[in-house]
Amino acid sequence: MPDRSSGSAFPPPALGDSLARGWDEPDEGLPPSDWGRPRGPRRTATVWLFALFIIALAAANAWLTDRLTNEAFLAWATIFTAISLQALPFLVFGVALSAALTAFVPVSFWRRAIPRNSALAVPVAGAAGAILPGCECASVPVAGGLIKRGVAPAAALTFLLAAPAINPVVLVATAVAFPGSPEMVVARFLAALGAAVVVGWIWARFGRTGWLRMPRADHDPDASKWRVFRESMQHDLMHAGGFLVVGGLAAATLNVLVPREWVIAVADLPVVSVLVLALLAILLSICSEADAFVAASLTEFSPTAKLAFLVVGPMVDLKLIALQAGTFGWGFVRRFVPLTLALTLIFTFVVGGVLL
Amino acid sequence: MNRIAQGLVLTLLGVAALSCTLASDLYLNYVQGAFRPFIVGAGVVLVVLGVTAIVMDLRQARRGPEAEEEHAHGHDHGHDHGGHGPRVAWLLLLPVVAVFAVAPPALGAYTAANAASSAPRDVSEVSYDELEAEPGQPVEMELQEFVMRAWTDEERAMAGREIRLTGFVVANPEGEGWYLARLQMACCAADAIVNRVLITNEPAPPEDSWWTVEGSWVEPEGGLQEIRDHRFEVHQMTEVDNPPDPYE
């Protein structure tokens, strides 16, 4: 069983790491506190800055809104707003659940609930994914909260991968989108759970704690539970939320830029079509509760290609990569994402070949 | 990002979520109507969290610089819970800008022209209900239902019936006529799919204008699924204001 981060294990510096600062490093945004400079003026400046921002928003609302007429830009803005707005409740829910796990559930509970042996803990965590009724935006902060509480990273990551793909809401949506073909629901469940569990096992065997960039859970021992809850929620929202916006920007851009005709042109090629729909799932970053409807509309493609869309999408996509980078760091994403992608594809081909 | 800025960002984000759901129907341009209570809930949580953060920070400021020093020291050796946020968090203001300053409209003809239209589905055993209508009135249908039936209802129940559809106008660059289209959305605008019918017996109205048309399905002579776009013969059409919910 891999031990969890001792806290002092910094990952080796890497190109990507410099892009995702802010977990363990001291703040560079403010002068060190030992300067003894009063902070009053800085706080006042912040408030003024926001006042100006709000005035600018009001002015733009009155003058600018009707003058924006570029259709491509507006379509992009609509999709970006849609992704952000739709993800917001899931993000807030996930962050709140994660904060509740941190603040209210004692560490001893997890030690009892999750088997010590990680070969056993991984499938248990994968099956537990079936009970979180949300999409990927909720599962990342929850997995972060689990790791903070001492759950083996491999088990928490299995939960992260399985939850958005196999929870009841998603399975029902899949059944609704594919009327008359329940084998699609079964195939999605098996391929997603299989890939998640195998990723967990591989991570348990080869994963290093240093790859995960987690904050140390050293709250003031005298802080009240509610304060821990509030601060951990705010902290997670700042990190995951910012990266969620990055993912939303990328997904909206590709949604507008990639013409569907290009995609449909390759629908008849057996292996390529599967890879193309997997790539499309990564780029579009559609919420796992809605992706079945989009997959069903891609009627030119084979069932296995659609399965790839349904299995890869909830586990690897731009929005999710950005969220993971914000929560666990780039050093983690660089290793975890290719591994997940490879296994989701393998399971898609195997399950699709047998069942569909 | 200092603490008061974090509080302000969260508050603004919450206010944006609340204003586009409670103060207006703007959210219907972006997500399914069913999401409303969840977005309101998230907005309330964000505002409460943001305002609390601001109040705590101001209270600390009133206690004077010594208290702040102490607090800062208390946190410096550890991680930065509730301390200083990462720079990427400033991006959380972008959705706020999008909602207030841009307020983008629902997807329309631009998207419908670029997106692939939903193609006939392989649903052979789907059975349909009777078409219902008041006597003397046309059958009111969603475009999505009309298109599905046109492709898959082998009994051709729609033939000869007077049908009423509502949608927006999309030009047909490749040939005669124009499309009456409607976007179908499962969750949010990112997954919108276009359904459309081809209309050839009326001149094209301006793009993106909304119309309610009454008329009949042009029954194809060959197989139902051999047709790319089903045709609709218009008997009567009236322009409508944008419907409150632009998607189906």
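Placement of Cβ uses the backbone N, Cα and C atoms for every residue, glycine included.
Feature list (source: TrEMBL):
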| type | residues | note |
| --- | --- | --- |
| REGION | A:1-38 | region 'Disordered' |
| TRANSMEM | A:45-64 | transmembrane segment |
| TRANSMEM | A:76-109 | transmembrane segment |
| TRANSMEM | A:154-178 | transmembrane segment |
| TRANSMEM | A:184-204 | transmembrane segment |
| TRANSMEM | A:237-258 | transmembrane segment |
| TRANSMEM | A:264-286 | transmembrane segment |
| TRANSMEM | A:307-330 | transmembrane segment |
| TRANSMEM | A:336-355 | transmembrane segment |
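Packing against the transmembrane segment (A:307-330) from elsewhere in the chain are residues 11, 14, 16-17, 19-20, 23, 83, 87, 135-137, 140-141, 143-144, 161, 164-165, 170, 174, 184, 187-188, 191-192, 195-196, 212-214, 236, 239-240, 242-244, 246-248, 250-251, 254, 274-275, 277-278, 280-286, 288, 291-292, 294-295, 298, 336-337, 340-341, 344-345, 347-348, 351-352, 356: each is 6 or more residues past its ends and has a CB under 8 Å from a CB in it. Most Cβ pairs under 8 A with the transmembrane segment (A:76-109) among the ranges A:45-64, A:154-178, A:237-258 are made by A:237-258. Beyond the transmembrane segment (A:184-204), the same-chain residues lying 6 or more positions past its ends with a Cβ under 8 Å from any Cβ of the stretch are 1-2, 118-119, 122-123, 125-127, 129, 152-155, 157-158, 161-162, 165-166, 171, 174-175, 178, 303, 306-307, 310-311, 314-315, 336, 339-340, 343-344, 346-348, 350-352, 355-356. Sequence-distant contacts of the transmembrane segment (A:237-258), counting only residues of its own chain at least 6 positions beyond either end whose CB sits under 8 Å from a CB of the stretch, comprise 22-23, 72, 75-77, 79-80, 83-84, 87, 91-92, 94-95, 137, 140-141, 280, 283-285, 317-323, 325-327.
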